[in-house]
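Features reported for this protein in Swiss-Prot:
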BINDING   11-17, 39-41, ARG311, 337-339, 419-421  GTP binding site
BINDING   ASP12, GLU13, GLY14, LYS15, ASN37, ALA38, GLY39, HIS40, THR134, ARG148, ASN230, THR245, ARG309  IMP binding site
BINDING   ASP12, GLY39  Mg(2+) binding site
ACT_SITE  ASP12  active site, proton acceptor
ACT_SITE  HIS40  active site, proton donor
BINDING   VAL305, THR306, THR307, GLY308, ARG309, LYS310, ARG311  substrate binding site
Amino acid sequence: MVNVVLGSQWGDEGKGKLVDLLVGEYDIVARSAGGNNAGHTIVVNGVKYDFHMLPSGLVNPNCQNLIGNGVVIHVPSFFEELKSLEAKGLKNAKGRLFISSRAHLVFDFHQRTDKLRELELSGASKDGKNIGTTGKGIGPTYSTKASRSGLRVHHLVNDDPQAWEVFETRYRRLVETRQQRYGSFDYDPEEELQRYKSYREQLKPFVVDSVNFMHDAIKKNKKILVEGANALMLDIDFGTYPYVTSSNTGIGGVITGLGIPPRTIKEVFGVVKAYTTRVGEGPFPTEQLNEDGEKLQNIGAEFGVTTGRKRRCGWLDLVVLKYSNLINGYTSLNITKLDVLDTFKEIKVGVSYSVDGKKLESFPEDLLTLAKVEVEYVTLPGWEEDISKITNYEDLPENAQKYLKFIEDFVEVPIQWVGTGPARDAMVHKEI
C-alpha cells in the first residue's frame, strides 16, 4: 500500500509535520523528486532535525528510507546531511537509508552554472526578474538528464574495471560543454573528480535497484509513505512556468520517480497552508503587499528553511487549490498553520479569477493572462482567539470550523487534519 503526501500550493505548506505525524505507522518512507533544494524541520524529543534531501522517515528507528530515481543527488551534501543528523543522535541511519542506482548526480559545476544561468535569464527577461533558483544545481542536473548526457549513481559505484575511466570521460565532457557555454568560471574539475572517486566505496552500501526495492515492498504489503517535495504549483508541467522547479512535483512525479504503477497508490494527502505563501519571483494572484501580508509574514515566521529567504504572503487561493486537486486527486486535506489567522477580524479567500470583467473557467497557463487577473474574494469572519491548545476538532471556534467547511465545500475534498500551532503535537484530527 502506497500513500502520498503532496504540497498543493507553492511549497512550504508544512508537509514535514504531517509526515512526522504519520511516519510511525509506515515501514518505508520514500522521496520521488527534487533534490536538496527544499527543506523542513522535524522536532523529536526536543531535538530539531533539518531535512533537505534525506527522507524524514529516518526519525523512526523502524523505518526504511528510499531516495528514488526521480531525485537528483549532490553526494557531498548527502553525506553532510547524514553526518549532521547522526551528530544530533539519529541512530542506525546507514542500515535504513537507500539510494536508487538510477538517480542522477549533481556536481559542483551544475551549481555554478545554475547561478550563471539565473543571471543570464534575468538579463534577457523583459522585466529583469529571475526565476528564483536556490542555486543547488537542480535545474542544470535535470537538463543534463533530459539531454541524455548526465551521470547516474550506478555510473559512480559500478565495479567494472573500466567504469571509472568511463565516468571520468563523461564527466570531463560535461565540464567542457559548460566551459564552452559560459567561459571560464571558478571551479576545479580535477579536484571534484578525485573527491567523487573517494566517495565510490562510501556510497556503495546505500545503493539499491529501487524498482525491485519498491515492488518487493509492495508485494510484501509493506506500508509505504511517499514524501513529496516542493508542490504542484512548482511542477515543471503544471506550475506557473517558467517560475517553477525542474521536476514533476505532482502525483505523476511519484509514479515515474519511484517506478510504481498508479494502481498501487491508495491515498493522496494534499497539504494546504491556511493562507498562501511563495518564495522568489513568479505570479501570486492573492499576494497582499500591505499590512495583512506583513502580519501573515511576521506571525507565520515565513522564512525558507533551505534559503532563509522571506516568503511572500497572501490570502488562501481556492482557485489554485481546486486546480491542484484536479491534477493530484487528493483523497483528503491537511490544513496547516490555521493558528496564524487567530488574530484576524476578517479573513479573505480567493474564489475566482476574471480578466477584463470576464470570469476565467480554469487556472490560466499563460503568465500574461495570469498577470492581469482580478481575484474575487469571499470575506469570512475571524475567530479572534488562541487555538493552539485545542486538541479536538469540535472544540475549534465556530468561525474556524466555518472557514474549514468553506474550503471543503469549495474543493470537494474532506479535511482530515488541521494544524493549530507550531508544536509537534499541535494537530487536530478530523474523522472523515
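Each residue, glycine too, has its Cβ placed from N, Cα and C.
Sequence features annotated in Swiss-Prot and their locations in the structure.
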residue : record                 : Cβ contacts under 8 Å, 6 or more apart
GLY11   : GTP binding site       : ALA38, ASN230, ALA231, MET233, LEU234, ARG278, VAL279
ASP12   : IMP binding site       : LYS273, THR277, VAL279, GLU302, GLY304, ARG311
GLY14   : GTP binding site       : HIS40, VAL271, LYS273, ASN334, THR336, LYS337, GLY419
LYS17   : GTP binding site       : HIS40, ILE42, THR336, GLY419, ARG424, MET427
ARG309  : IMP binding site       : VAL279, GLY280, PHE303
LYS310  : substrate binding site : GLN297, GLU302, PHE303
LEU338  : GTP binding site       : ALA274, ILE387, ALA400, TYR403, LEU404, VAL418, GLY419, THR420
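For THR41 (GTP binding site), the number of other Cβ atoms no farther than 10 Å from its own Cβ, over all displayed protein chains, is 13. Straight-line distance linking the Cα atoms of ASN37 (IMP binding site) and GLY308 (substrate binding site), rounded to a whole number, equals 12 Å. GLY39 (IMP binding site) and GLY308 (substrate binding site) have their C-alpha atoms 11 Å apart, to the nearest angstrom. Per the record's binding annotation for IMP, residues ASP12, GLU13, GLY14, LYS15, ASN37, ALA38, GLY39, HIS40, THR134, ARG148, ASN230, THR245, ARG309 show a top Cα-Cα distance of 34 Å. ASP12 (IMP binding site) carries neither a helix nor a strand DSSP state and counts as coil. Close to GLY308 (substrate binding site) in the fold, though at least 6 residues off in sequence, lies no residue with a CB less than 8 Å from its CB. Remark: of the binding-site residues ASN37, THR134, ASN230, THR420, the most isolated position is THR134 (fewest other Cβ atoms within 10 Å of its Cβ). Distance noted between the C-alpha atoms of THR41 (GTP binding site) and THR134 (IMP binding site) is 18 Å. The secondary structure of GLY39 (IMP binding site), as reduced to three states from DSSP, is coil rather than helix or strand. Just so you know, the Cβ of GLY39 (IMP binding site) picks up 18 other Cβ atoms within 10 Å once every protein chain is counted. Neighbours of ARG311 (substrate binding site), defined as other CB atoms within 10 A of its CB across all chains, total 21.
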